[in-house]
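Written below as structure tokens is the structure these notes are about.
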Amino acid sequence: MGNQLAGIAPSQILSVESYFSDIHDFEYDKSLGSTRFFKVARAKHREGLVVVKVFAIQDPTLPLTSYKQELEELKIRLNSAQNCLPFQKASEKASEKAAMLFRQYVRDNLYDRISTRPFLNNIEKRWIAFQILTAVDQAHKSGVRHGDIKTENVMVTSWNWVLLTDFASFKPTYLPEDNPADFNYFFDTSRRRTCYIAPERFVDGGMFATELEYMRDPSTPLVDLNSNQRTRGELKRAMDIFSAGCVIAELFTEGVPLFDLSQLLAYRNGHFFPEQVLNKIEDHSIRELVTQMIHREPDKRLEAEDYLKQQRGNAFPEIFYTFLQPYMAQFAKETFLSADERILVIRKDLGNIIHNLCGHDLPEKAEGEPKENGLVILVSVITSCLQTLKYCDSKLAALELILHLAPRLSVEILLDRITPYLLHFSNDSVPRVRAEALRTLTKVLALVKEVPRNDINIYPEYILPGIAHLAQDDATIVRLAYAENIALLAETALRFLELVQLKNLNMENDPNNEEIDEVTHPNGNYDTELQALHEMVQQKVVTLLSDPENIVKQTLMENGITRLCVFFGRQKANDVLLSHMITFLNDKNDWHLRGAFFDSIVGVAAYVGWQSSSILKPLLQQGLSDAEEFVIVKALYALTCMCQLGLLQKPHVYEFASDIAPFLCHPNLWIRYGAVGFITVVARQISTADVYCKLMPYLDPYITQPIIQIERKLVLLSVLKEPVSRSIFDYALRSKDITSLFRHLHMRQKKRNGSLPDCPPPEDPAIAQLLKKLLSQGMTEEEEDKLLALKDFMMKSNKAKANIVDQSHLHDSSQKGVIDLAALGITGRQVDLVKTKQEPDDKRARKHVKQDSNVNEEWKSMFGSLDPPNMPQALPKGSDQEVIQTGKPPRSESSAGICVPLSTSSQVPEVTTVQNKKPVIPVLSSTILPSTYQIRITTCKTELQQLIQQKREQCNAERIAKQMMENAEWESKPPPPGWRPKGLLVAHLHEHKSAVNRIRVSDEHSLFATCSNDGTVKIWNSQKMEGKTTTTRSILTYSRIGGRVKTLTFCQGSHYLAIASDNGAVQLLGIEASKLPKSPKIHPLQSRILDQKEDGCVVDMHHFNSGAQSVLAYATVNGSLVGWDLRSSSNAWTLKHDLKSGLITSFAVDIHQCWLCIGTSSGTMACWDMRFQLPISSHCHPSRARIRRLSMHPLYQSWVIAAVQGNNEVSMWDMETGDRRFTLWASSAPPLSELQPSPHSVHGIYCSPADGNPILLTAGSDMKIRFWDLAYPERSYVVAGSTSSPSVSYYRKIIEGTEVVQEIQNKQKVGPSDDTPRRGPESLPVGHHDIITDVATFQTTQGFIVTASRDGIVKVWK
């Protein structure tokens, strides 16, 4: 544009927002600044944020067309330049008021980035300078000159990728040196007076006026660039090189510019040189580069490409050229729009990245080397993605990347770049991410060996407050992670404080230190900060030691309790840690916690000192008489270590030796070894005289001969007597009156020793019977002596076990209305109050005999029967037994591989069999059998007879088909009567790599199948889930369908499996299970690909036999309900759901196949009549919440069970009336309210009639498995869940005519009773850690529950 434009004063000044009234694709967001030349704004577009530059048109005759064409051509030329961001659009249609330029918005330019924390380090500055030269080189090779390179026009993304933007070819090339108006108008947009323009672009004012005078028209201030000025005013490459040199110099001088306007004009005339600013550039090669680029003579400046070659290996490391530039360029492409994708790509390439940037796998080089510092550039890519990650897998992958790269990064990068994002992840919504973020944060901070001055208070002011909430997190795995890492966190915080103190002392002792005045009373500051640090850590340690979950306490003790002692000091270790640890022995139900106490007590006692021995003595004695033998072993080991460290006083040692010596004949091998270990350590600690005078008397009863070297374990073990028999020991220990038993055994011993003349038989018949039982098990006199030696231990152990039982009964008694019949000695008896209904004679007869049929020859040949027609045959062996037992006709294998009943036509069901290739005998005695006399009857009568026969057969087939429907079973193997699973984990299967979507069990329960988002279907052998095998693996894996497998179902009565993927594929698989478990095989039989645009992918599917057809019914996301006849490979029926009611999420088919019900994302439940294929009725949930899963009610034919989004609601609806009849409500919200304080939902349902008392299993997003007793709702309970699950009760109430069963959390924990299923006395985290997606059951020798979760875990429970 012409220079005269700068002198035009606008007649009207409008706000930049006013210019958006005429453009419709862009919505004004905010102003980015305005100058006389351009008004700049940020606008919203459907593809993201854009920058809009508005040029107000004061003169309508301005020739803007040529400029627009030039910008369009520039955009095309720079299309492949990855470091250039040209204007994407130029517009001049805004009511002719203004011309507009549009480009993508980038938040930061280089000017802002230089002064923004975290500040750029040396390698990042080199990387940006390298990219600036690369961008200039890309533009020049494309035939484009920029014309206005400055820090404001160099955009820097959050991952330090440079974009050169705002190409200014429309700005004047030459400026008058004596008139700053043009410079201010076109180039000084920031008003900083900073000048980046090459000196040759300034010309003498008089010459400037003379050269351009003939081109100007006084009435037109803007000239057409097609004139001679375009040739004379052409931008040169050297001009851009000068501007780029100024930008690079400002980058390396922390924002100090090389020139302002006056200095540049002086530099042009040789009166000024920016030597003072250049000297601030510490790196010699960079300083030399800038000096060459800003040379006053344009001819002395090289091309950008030449500078890149010249500085290769000098200013710019070799790795920029060979790896970083091509690797980072892929993230600038549009194909990597997702942060999750970037993280996964980097994780995949991590090995190659480390090899290229570090040259080795372990960080053994010095930190200052450029190769390793190149990782900082990669770290910026990772950190730029962290806040926008969506998926749990991506977040965990990012944390894994950080952990791998952290040892190779500098302290400043770890504290300034990594730590804030780890604290951000500690507030993530996913518990696994929070837990892993805490672990990663701890490991990263442990790598910091020096503390920068500006980070001296990072622990008390930033890190510890940032993770404080995790100590009381709702998820147990997060608190576990905190307990696991708090010792290392405290240790690292103390090291930080000591490093700061050491630095302060060094500064205080340094007489040349200018900052000595800032350091006052370092010792006082240290003591104060140490006390504050102790208080912060102590608060969290006490919280964790008081956690309701024992596993959290156990984890804290097992992971660094000794380091916490060192952190707190001796006094607080005794007052805080030891005082809380002692209370753990009071938990009689969790031996793991008690065992962890003895594992940890040695380190604590070693730090506190021998003074603690008096406190610990009764605790150790209690451990020696624990009811759990593992705890005894751990107590023995703790005593051995404490004795070895000299922490026990000598009187205590002898007292323990007397208690431990009887363990030398204990039946447990580990306890014997532990006792031997303690005895040998004591023998080494005391004098020889004490060994023989005080120690040997304890050992004599348990060794076969005297020994000298008691301190040697092998010697002592070799002379030990045989231990007491395990069976005798256990039987005696379990006896109720163990005191009387030992009294009698003691009398027998006295009689053997001659102290008593005679030992009368016991008066108590129970003791006599007990003694008789012990003698029958092989108890000898020697065994009696060993039992008497263990008397004290057995008495205490028996009492401890009795206390556990008493406590459990105490807890049981607190349950309202619960009576323990076993404790009262009442024997249960069962009497049938209702007699089973007798079937009519004609129905019983139909179960024993079958109707023969005149199947035509074509059908017979199709199904393999070659017998001549009309020949009665005997019923094949096994056929009528099958009919009697199942009420179903014998089945045949069709050409499609599906077991289906045979039929006489496509409409009329017929009950026949091809077993042994013989038809069955007739069922009706009145049936006219073909005979020889028919030959003599006329043809007409013969045809009439055949017609009558056909009609009878048709009637009979319809009757049997109806009977088959009436006798349809809900499931082939229902749970046994009174089945109440205890929530014991049997198998933990982690073969799937992504979310498991469905579980299905075969009809005979020998197999079950799972499908997952990882694209695989896995087949499992149910028999192997009983815990009898050492390993449990899937027997088959199928992964050839592609995409994510969303649903599957077994075909009724067969080992054929139908699966569906989100890529539109539906496949039928055959499983050869006859050879299990040796060589099972799986092979596809049929498949079809759905039209993704018309139908979409399958969301749910079911299979059923309708007699004449074997139908696979599936529903798609676009509303199609299709019945695929697997015999004919065609559609038996197709229904179309109206999407106005919402997308189909689930559907269920009536057991008699008369109707089906679909559930939608808008809460609608719609019924279809399967006979006429017409919609019947539609009902909607009051809150229009999404229907997650549908199932038919096992008892009421018109009821459906619907799991609804939110509040864990499961409701049962009468589809005939549209009423909600029964609701299960596991939420704290008021029942049937439309509020959702609980976002949890049920994702999986299993329902069974269970012998007339229906049961329901539900599982979902709260990771709990609930057992609902629909007949007696108060008996419902949580089978398994997270370890932090409080105890709950269930109450029934009527609300607005709907029966509601509500789950209410109890205020106090109630211990499990004997007859209430429970998870056992152990509090291990066996539950799912992610959303449970499905639940099913199978029966082998007992009933099992199988569940699957979103993290790919499959668990089996009983």
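Glycine is treated like the rest: Cβ placed from N, Cα and C.
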If you check Swiss-Prot, which of Ser755, Ser853, Ser905 turns up marked as phosphoserine? Ser853
Ser808, Ser814, Ser1002 - residue that Swiss-Prot labels as phosphoserine: Ser808
Consult Swiss-Prot and report the residue, out of Ser31, Ser813, Ser972, Ser1323, annotated as phosphoserine. Ser813
Can you check which of Ser429, Ser865, Ser1233, Ser1284 Swiss-Prot annotates as phosphoserine? Ser865
Segment-level pLDDT (mean, integer) for the repeat 'HEAT 1' (413-450): 95
With DSSP as the reference, give the number of residues of the repeat 'HEAT 2' (458-495) in helix, strand and coil. 35 helix, 0 strand, 3 coil
